[in-house]
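**Student:** Below, the features straight out of TrEMBL:
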SIGNAL    1-23  signal peptide
TRANSMEM  33-53  transmembrane segment
TRANSMEM  323-349  transmembrane segment
TRANSMEM  361-379  transmembrane segment
TRANSMEM  431-453  transmembrane segment
TRANSMEM  459-482  transmembrane segment
Amino acid sequence: MRWIHLLMLVAFGLAAWSLTAFATAHPVLWPALIVLAVNVVGTVASLATGLGTRRVTWRTHQRLAATWVPDGGRFVSVDVFLPTCGESLDILRNTYTHVRRLGWPGALAVHVLDDADRPQVAGLAAEFGFGYHVRGDRGHLRKAGNLRHAFDRTDGDVVVIFDADFCPRRDFLAHLMPYLDDPQVAVVQSPQSFATTERMGWIQRTAGATQEFFYRWVLPSRDRLDAANCVGTSALYRRSALQRIGGFAPIEHSEDLHTGRHLQQAGFRIRYVPVVLSRGLCPTDLAGFLNQQYRWCMGSLSRIANPALAQDRRRMTLGQSMAHWAGVFYYLTTALNVFLFFVPGIIMLAAFPEDIRPAQLVPFLAGFWVYVVVFPLVSRTRWRLEVLRIQMAYSFAHAVAIVHKLIGREIGWVPTGAVGVSNTLARSISALGAVSLSASLIGFWVFAIIDVADRGLPMFWMMIGFAGVYSYLAVPLLVEFLRVLIARDRRTLA
């Protein structure tokens, strides 16, 4: 499916050509070239790590899984970790039901790691016959501390982690365990896949759909370069490898990314198997989604300045380095573009209406076609134009994370399922998004109406069309931002 990347490259090239012509038309617009240059660097880095052929195909995987026999006929022992911190009991029960069905001929023990210390969860663990663990220093190092506590009190050869909302297939272990036959492989990672149905709200539906591109088309290529990410849930971890690095990385967020990098520095490898073997739930509310995206962005940025990682940069291969910086530039470009996406149109409408021609926007139709025609056809999730709306939402979260990183501030980790309708971080991101979207919508339509009234529709019909699409994406998101802010006001009044 490398042609998907090539289509996106063509679409980006056409848009970049149009923006270059726009930015060089008037000296006041020259700063836009800096933003364009950042996007070019990010696109090149992404393509360099995303165009490779996948190492694991469906055919090779099926052959390996069907013929695999463990070395010496011994099936290794497995510890399954189920960390939880305040998630819905219904979600936990659903996950535990699927985990109990896991098939494995060897010894298998399941451990519920409860950082909320809820009696209901203890009862649920007992009902399913799972071990139940509560540490004395709850909250220390957040999820990483919870995992490290359980790691020190278990002894299975392989550790498996499922987040609270991830339900595995019965044959999960049978599909992934063969890849641990390579003694250099420390982590076998499977995709994070999310349910997307029409009956879901647009936030949950689009949040799941937007993840497909990364797990289906990006990570398989990075795996070929030995640059796949460890993303925590739905993965196997070799205990002996974790012991070499002192267990899971002691960090308050994104312990998965850091653990994977520490393992790579120790000479181990991460294998990515692009076979959907578990399925999770995306946040149903905007506050939870914004917290999640902020945390993911912080995780990628924190690897830049992590002293433990900086001590041994020589162990990072060229492919791993490119993949790392592709991730950094991804967050940087999304944070920049969400503010600047609408600026060229508003500037043209406000200052240079006489220079506007419908043909100037034709190059952008290629990207529009990729998103509204190609992606819905090839996607296995429910991909629609509205996915761009959730991408606008996470861009504001990325912007706040980058600013916090620059000023040395960081909001503590909050479990996605326990965020609720509002919290301090979600309100900060929502306030930024609400102001930005309000300003852009007002600017677009005020100047568009003035120009059409003054010069007629023929010059501006294409611009009006794009403003309509932008409004379709921005208005519902603006409403959700306001709901997060209003929820705070209601809590204050209460």
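Heads up, the Cβ atoms here are built off N, Cα and C, so glycines get one too.
It should be emphasised that the depicted structure is a prediction, and the values quoted were computed from it without experimental measurement.
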**Student:** Count the CB pairs under 8 A between the transmembrane segment (323-349) and each of 33-53, 361-379, 431-453, 459-482, then give me the winner.
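**Tutor:** Comparing 33-53, 361-379, 431-453, 459-482 against the transmembrane segment (323-349), the winner is 33-53.
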**Student:** Mind checking which residues reach the transmembrane segment (361-379)? Cβ under 8 Å, same chain, six or more beyond either end.
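**Tutor:** Apart from its flanks, the transmembrane segment (361-379) reaches 1, 4, 7-8, 10-12, 14-15, 17-18, 209, 212, 385, 387-388, 462-463, 466, 469.
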**Student:** Can at least 3 Cβ pairs under 8 A be found between the transmembrane segment (431-453) and the transmembrane segment (33-53), with each pair 6 or more apart in sequence?
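**Tutor:** The transmembrane segment (33-53) and the transmembrane segment (431-453): touching, no.
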**Student:** Using a Cβ cut-off under 8 Å, which residues of the same chain at least 6 positions beyond either end of the transmembrane segment (459-482) come close to it?
**Tutor:** 202-203, 286, 341-342, 345, 348-349, 353, 356-358, 360-362, 364, 368, 385-386, 388-389, 392-393, 430-431, 433-434, 437-438, 440-441, 444-445, 448, 451-452
**Student:** Are there residues at least six beyond either end of the signal peptide (1-23) with Cβ under 8 Å to its Cβ atoms? List them, or say none.
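**Tutor:** 29-30, 32-33, 36, 39-40, 43, 47, 50-51, 53, 216-217, 221, 344, 348, 360-361, 363-364, 366-367, 369-370, 374, 378.
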**Student:** For the transmembrane segment (33-53), could you work out the same-chain residues 6 or more beyond its ends whose Cβ comes under 8 Å from its Cβ atoms?
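**Tutor:** Counting only partners 6 or more residues beyond its ends, the transmembrane segment (33-53) has Cβ contacts under 8 Å with 2, 5-6, 9, 12, 16, 19-20, 23-24, 217-218, 221-222, 224-225, 227, 319, 322-323, 325-326, 329-330, 332-333, 336-337, 340.
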